[in-house]
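Engineer: Here it is, the structure in full.
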Amino acid sequence: MEENIESVEEWVNKLDIETTKDIHVPKLLFDQVIGQDQAGEIVKKAALQRRHVILIGEPGTGKSMLAQSMVDFLPKSELEDILVFPNPEDPNKPKIKTVPAGKGKEIVRQYQIKAEREKRDRSRSIMFVIFSVVLLGIIAAIVLRSITLIFFAIMAAAFLYMAMAFNPVIRNERAMVPKLLVSHNPNDKPPFVDSTGAHSGALLGDVRHDPFQSGGLETPAHERVEAGNIHKAHKGVLFIDEINLLRPEDQQAILTALQEKKYPISGQSERSAGAMVQTEPVPCDFVLVAAGNYDAIRNMHPALRSRIRGYGYEVVVNDYMDDNDENRRKLVQFIAQEVEKDKKIPHFDKSAIIEVIKEAQKRSGRRNKLTLRLRELGGLVRVAGDIAVSQKKTVVTAADVIAAKNLAKPLEQQIADRSIEIKKIYKTFRTEGSVVGMVNGLAVVGADTGMSEYTGVVLPIVAEVTPAEHKGAGNIIATGKLGDIAKEAVLNVSAVFKKLTGKDISNMDIHIQFVGTYEGVEGDSASVSIATAVISAIENIPVDQSVAMTGSLSVRGDVLPVGGVTAKVEAAIEAGLNKVIVPELNYSDIILDADHVNKIEIIPAKTIEDVLRVALVNSPEKEKLFDRISNLINAAKIIKPQRPATPATTRAGNNAA
C-alpha cells in the first residue's frame, strides 16, 4: 500500500531547523549519494571485493558519485610507482619497473644526482684538456717565436671542446635517467581516474613524436613515453561514462587490460616516430566502472560486457524514489550538500525547501514519487542561490526558487512559449467556439533530449472526410512528419472510430493533419485527439475549442496513460483553454504550481465515450451517436468461464447414474 504522507508544507514546518545550515552533511562521499540505496550496496560490495561494475541509468542520477565513492571501500593495498628505464639492447623497447609508492621519486633523484655528478666531472676534464692545449700552444709559440701557434692552439681547443661536448657517447648520462610514469605518496588513497571522453592516447598511453630522430639530437625513447589513464588507475578505480561512445578498438584494449592486468604503451599514431616504440607491459590492475544511459548496452563491446558480468555486477540506478519521510529528509540533505559544494550561495529557508521538494515531485512525473535527476535539480538550487545573492539576501526564500524556475527554463520551454504566442497571433488553434473535425491535442517537446523537464505544447489536429477516388478503396492519410509509433497509433485508432460511427468507411478518404509540426510527431499520446477529430468529421458534430486533451487509446476504446501529463496541462493553461481531458490513470500524477492551480478544469477519462461526452458540443447528432454507443455496449456479451467439475462431483454423478 502507498504511504499516506502529509503535505509538503506541513512536513517541512515540523522540521527542527531554521535553514539548511542546520542540516548535517556527511563527510563520506558514499553517504552523500541520494536515493540509490540498492545500487550503493552493490557498489560497496564490488569495491570490497575489487569487482567491476556497469551502472545504467538516466543522466544526473548519481552514477559518477557512486563510482567515485568506491575508492573509500577498496581494500588497503600497497600503491605502486611505475618507472620506465632505457633499454640498452633495444632502445625502442623501454623497460618497466614498479616500486612502492614514494620510492619512484627517490630513484629518479638518485639517477639525476649521478648524471649531474658525471656531467661536472666531464666538464672539468674538458676544461683541463682545453687549458692544456692552449698552454702548450703558448709555450710552443714562445720557444719557436711564432705567434701563429697560439692561434692554432686556440682553434684546436675549440674543435676539441665541440667534439667532446656534443659527443653522443659522452651525452649518454642524461639518457640513462629513468622517467617516472605514475607517482604516489605513501599515504595516498587509491586513485580515481575519470576517463570519460578520453582519446586513445590519453586512455591507453602514448609515445610522443620526436622531430629529431638522428644525429645525436634525438630524445631517448623512454623519455617520450606517457602513461595512459588505465595505468594511472593502477590499484584504483577507472571510471568511463558513456562507455558505448568509445571506439571498438579502445573497448577491446580495455578488455585486454582487464584480463592481463597489464598493457604495453605504444605510439597511437602510425605517422608518429613513437609508432616504432613499445614498452614492456605496464601494470594496470584497476576496477572498471562503466556507466551509460539505457542505450549504452546496445553499442557496448559484447566481450567487454561479458567480462564485466562474469567478474562483477550490472546495476540499473533509480530514476525516482518514494515520497516518504525518509526520502524527503534525504532531499533536504541534498539541498544542504549543494550549498556546501557551491560555497557561493546562501542556505535555504523552510519556504524555499518546500518549493524544491514540490519541484522534485513534479519532475518525477508520477504520484507519490520524488525525482532522482538531482543534477538538474541542483541547477535550480544554484540559480535560486544566485538570485538571492544578487538581491543581497542572507537566505534563499520561496520567491527566489519560483523566480529561478522562470529564469532558468529549459530551451524547449522558451521555444514553446514563443511558439504559443505565434500560434495565437495567426490563430493556428482556437480557444473558444466550436469547429467540426478540429481538436486541441497536447504534446511534449524535449522528451528525447535526456532532460527530466518536459515542455508541453498545444498540438492542433484537424480531420476531414472526403469520398474515395475509387469505390471501396478508402484510405486513412495522416500528415505532419509522423514517426513510426505515431503512424501505428493512427492505425490503432481507426478501429475505434469504425466501431463507434458504425459507418462503412471503405468509400471514404480520412485526412488527418497535425498542424505546425515541422519538427515531427512521435508517440501515441495523440490517439484520443485523433479519434475525437475523425469522429467529429464523420458525424458532423462540432468540437468544443476550449477543451484540450491527451491520452493513448487501445483498439477497444480504453484511454491509456501517457507521459509528461503535468507539462501538457500547464501548456493548456498557458494557451488559455478552459478544460483539459487526461487519462484517469494519470489524474493523480498531475502536480501544478501554485500560480496554475484552479485555472483549468481537469477531467479524467476512462474510455473514449468519456472524452466524446465532454469534447463534442451538444446536438441532435451527438445524441444519435451516444444512442448508437449505448446499443453497442448493451449488445456486448460477457462470457463467464464454467467452473470445472471437481473429482468429488464427478464421483457423485457416476454413483447417481
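Start at 1 and count along the chain as shown; that gives each residue its number.
Just so it is clear, glycine is given a Cβ too, placed from its N, Cα and C backbone atoms.
Here's the feature list from Swiss-Prot:
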TOPO_DOM  1-123  topological domain 'Cytoplasmic'
BINDING   Gly57, Glu58, Pro59, Gly60, Thr61, Gly62, Lys63, Ser64  ATP binding site
TRANSMEM  124-144  transmembrane segment
TRANSMEM  146-166  transmembrane segment
TOPO_DOM  167-657  topological domain 'Cytoplasmic'
DOMAIN    433-618  domain 'Lon proteolytic'
ACT_SITE  Ser525  active site
ACT_SITE  Lys568  active site
Engineer: Could you check what DSSP calls Lys568 (active site) once collapsed to helix, strand or coil?
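Structural biologist: Looking at the DSSP assignment, Lys568 (active site) belongs to a helix.
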Engineer: Looking at Cβ-Cβ distances, which residues of the chain lie under 8 angstroms from Lys568 (active site) while being 6 or more apart from it?
Structural biologist: Leu442, Ala443, Val444, Gly456, Ala548, Thr550, Val580, Val582
Engineer: Is it possible to get the count of other C-beta atoms within 10 angstroms of the C-beta of Gly57 (ATP binding site)?
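Structural biologist: There are 23 such Cβ atoms around Gly57 (ATP binding site).
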Engineer: Within 10 Å of each Cβ, count the other Cβ atoms, then let me know which of the binding-site residues Pro59, Gly60, Gly62 comes out lowest.
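Structural biologist: It is Pro59 that, of the binding-site residues Pro59, Gly60, Gly62, has the fewest other Cβ atoms within 10 Å.
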Engineer: If one measures from the C-alpha of Gly62 (ATP binding site) to the C-alpha of Ser525 (active site), what distance in angstrom results, rounded to a whole number?
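Structural biologist: Ser525 (active site) has its Cα 30 Å from the Cα of Gly62 (ATP binding site).
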Engineer: Suppose you look only at the topological domain 'Cytoplasmic' (167-657); what would the mean pLDDT be?
Structural biologist: 84
Engineer: Other than Gly57, Glu58, Pro59, Gly60, Thr61, Gly62, Lys63, Ser64, which residues of the chain come within 8 Å of the ATP site, judged by Cβ distance to the Cβ centroid of those residues?
Structural biologist: Leu55, Ala291, Val317, Leu372, Arg373, Arg375
Engineer: C-alpha of Pro59 (ATP binding site) to C-alpha of Ser525 (active site): distance in Å?
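Structural biologist: Pair distance, Cα basis, whole Å: 24 Å.
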Engineer: Could you tell me which three-state DSSP class Pro59 (ATP binding site) falls into?
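Structural biologist: Looking at the DSSP assignment, Pro59 (ATP binding site) belongs to neither helix nor strand, so coil.
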Engineer: Taking Thr61, Ser64, Ser525 as the recorded positions to compare, which has the smallest set of other Cβ atoms within 10 Å?
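Structural biologist: It is Ser64 that, of the recorded positions Thr61, Ser64, Ser525, has the fewest other Cβ atoms within 10 Å.
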Engineer: How many Å lie between the Cα of Gly57 (ATP binding site) and the Cα of Ser525 (active site)?
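Structural biologist: Roughly 24 Å, rounded to the nearest whole number.
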Engineer: Long-range neighbours only, meaning 6 or more apart in sequence with Cβ under 8 Å: which ones does Lys63 (ATP binding site) have?
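Structural biologist: Expected: Leu55, Gly57, Asp241, Ala291, Val317.
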Engineer: I want to verify one value. Collapsing DSSP to three states, which class is Ser525 (active site)?
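Structural biologist: Reduced to three states, the DSSP call for Ser525 (active site) is coil.
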Engineer: Give the distance between the Cα atoms of Thr61 (ATP binding site) and Ser525 (active site), rounded to the nearest whole Å.
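Structural biologist: Each residue's Cα considered, Thr61 (ATP binding site) and Ser525 (active site) end up 27 Å apart.
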